[in-house]
Amino acid sequence: MQASQPEVWHGTTILTVRKGGKVVIGGDGQVSIGQTVIKSNAKKVRKLGKGDVIGGFAGATADAFTLFERLESKLEQYPGQLTRAAVELAKDWRTDRYLRRLEAMMLVADKDVSLVLTGTGDVLEPEAGVMAIGSGGNYALSAARALIDSDKDAETIVRRSLDIAADICVYTNRNLTIETLSTD
């Protein structure tokens, strides 16, 4: 790597599962720069707004917190309308000169809907209530899809799937943060 090139930040796996009257978002705690783990217990999943929305992020931490703050502002403008708030955030994210340079992805959920938001303006609802982002996202997604029809509850599926991702992805660890909402 040339000295003029910044190190690439790697890390995280965020997964959401909606099943059995619950929606769960979980994520690992590892943050790496280059080949070095610089933090193992980062909290990348949290409650938003008045606690009726949960979210997780993959990407640059400062960028993600900026986007969480913007989403909370949109949720205040459009209370109880996560999809509308997410679409409005995505519009801003894509068109605002400052925001469009932010490098992060977000998974957010309320009692009715789960969404992934990207800097390219995408607001996507997962198939079968399962979606993942981040470096270990494909591994966690595959594991969760394999487990979704089992008798396991949503939180168990999230925990097991993130453990499987941690077995495979060097940028994912087992220091998990899990948030749950009732969908009833």
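The first residue you see is number 1, and the count goes up from there.
Backbone N, Cα and C atoms are what each Cβ position is placed from, and that goes for glycine too.
Annotated in Swiss-Prot:
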- THR12: active site (ACT_SITE)
- ALA166, CYS169, THR172: Na(+) binding site (BINDING)
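Mapped onto this structure are the features recorded in Swiss-Prot.
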residue	record	CB count, 10 Å
THR12	active site	32
ALA166	Na(+) binding site	21
CYS169	Na(+) binding site	23
THR172	Na(+) binding site	30
Ask   = If you measure THR172 (Na(+) binding site) to the residue listed as 'active site' at Cα, how many Å is it?
value = 5
Rounded Cα-Cα span from the residue listed as 'active site' to CYS169 (Na(+) binding site), Å = 9
Request  = Take the C-alpha atoms of THR12 (active site) and ALA166 (Na(+) binding site) and report the distance between them in angstrom, rounded.
outcome  = 10
Query = Which of the three DSSP states, helix, strand or coil, fits ALA166 (Na(+) binding site)?
reply = helix
Ask   = Setting ALA166, CYS169, THR172 aside, what same-chain residues sit with their Cβ within 8 Å of the center of the Cβ atoms that define the Na(+) site, listed in sequence order?
value = THR13, ASP28, GLN30, SER135, GLY136, TYR139, ALA140, LEU162, ALA165, ASP167, ILE168, VAL170, TYR171, ASN173
